[in-house]
């Protein structure tokens, strides 16, 4: 079976086509700058052949047409009939969805109702789904939500200590993000250690430009760092993470900033960028090595906040099998991994520096073998996880 995975952003479409008989990637591609006159489209086949084009792509509907054209011209497909299903990434499913679902009018309506909780993401996801269904309504489309894995959090974890009517009226609570990634790498970690996932407990660290951490007990998420939005939690590339909420009214009063301006600052002008001058950890480390004190401070703040969460999560999980690093920084930055694990020896976490420094693009253990808690690096593959969920939901619908 062939499954097409689509991730529609506000001005982009990323896609991957899988052969699910062996979970191999047939091709992958992206379309950028949708709405601009000089939009960019690219596809890469499994043999490494690349096709690119620049033309005006005014909207997502045209973007889907361009995607199909790329799929045909690259010979990844000869007909849309070859596609058995389409899986769509959806950032926010709130508490309306506790699993991936076949897309129908009711699902589209619910995703639209959740736009206030994800104003940058859900409209783009909707556009991708609607346009795909418009082209071939007979091909099953499945919505896979970033928030589903976090739906097992207990109420004590997801509620905020605010007036209860804010939750009842506006659904203000912790939803988390990166759930597809956290679940994927946790399952991979359990497989590496030969532990049944239902009896596997770990802490997963998705460290990229966006960063989050999750506490997983017996295969279920019981807490995560991101909240109502992806702004809460860890320090990130351009996001501040958790701060004193009183800073917002303070800035409104003393800096004469609007709520919208502060939201932009906290999402796009804070984090590593604000303190160290770059949202790229590689640049931060290069500046730090050159003697830049602000870059050093940014590095230390980033690590400290991760360690605080690890300590807190160990206290609520009790015994854990592993700490798992993933995403751009988590998978590739040995220096960050070593700094994060340094000082955690009291919890049975000890890094093997040689294994940690080795550069490999595969799941691997990097802790000392005699330690109680394993340290594992797992390259995340959210698209494959979406493809697997899509296939599962389609098969269930046939029973």
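Glycine too: its Cβ is placed from the backbone N, Cα and C atoms.
Of all Cβ atoms in the shown protein chains, 23 besides its own fall within 10 Å of the Cβ of residue 7 (Mg(2+) binding site). The Mg(2+) binding site annotation in Swiss-Prot covers 7, 382 and rests on sequence analysis.
The Cβ of residue 209 (ATP binding site) has 17 other Cβ atoms within 10 Å, all protein chains considered. The ATP binding site annotation in Swiss-Prot covers 14, 206, 207, 208, 209, 210, 280, 281, 282, 328, 329, 330, 331, 332 and is backed by sequence analysis.
Residue environment of residue 89 (substrate binding site) contains 22 other Cβ atoms, counted within 10 Å of its Cβ in all protein chains. Annotation source Swiss-Prot lists substrate binding site at 89, citing sequence analysis.
In the three-state DSSP reading, residue 146 (active site, proton donor/acceptor) counts as coil. What Swiss-Prot records for 146 is active site, proton donor/acceptor.
Long-range C-beta contacts of residue 178 (site 'Transition state stabilizer'), restricted to its own chain and to partners at least six residues apart, with a cutoff below 8 Å, comprise 146, 206, 210, 212, 214, 226, 327. Swiss-Prot lists 178 (among others) with the feature site 'Transition state stabilizer', giving sequence analysis as the kind of evidence.
For 239 (among others), the entry in Swiss-Prot reads site 'Transition state stabilizer', with the evidence type sequence analysis. Secondary structure at residue 239 (site 'Transition state stabilizer'), as computed by DSSP, is coil.
The Cα atom of residue 282 (ATP binding site) lies nearest to that of 239, taking the recorded positions 7, 89, 239 as the candidates. Among the residues the record lists as binding ATP, namely 14, 206, 207, 208, 209, 210, 280, 281, 282, 328, 329, 330, 331, 332, the two farthest apart have Cα atoms separated by 25 Å. The two recorded residues, residue 239 (site 'Transition state stabilizer') and residue 89 (substrate binding site), show a Cα separation of 22 Å. A straight line from the CA of residue 209 (ATP binding site) to the CA of residue 7 (Mg(2+) binding site) spans 17 Å.
Secondary structure at residue 7 (Mg(2+) binding site), taken from DSSP and collapsed to helix, strand or coil, is strand.
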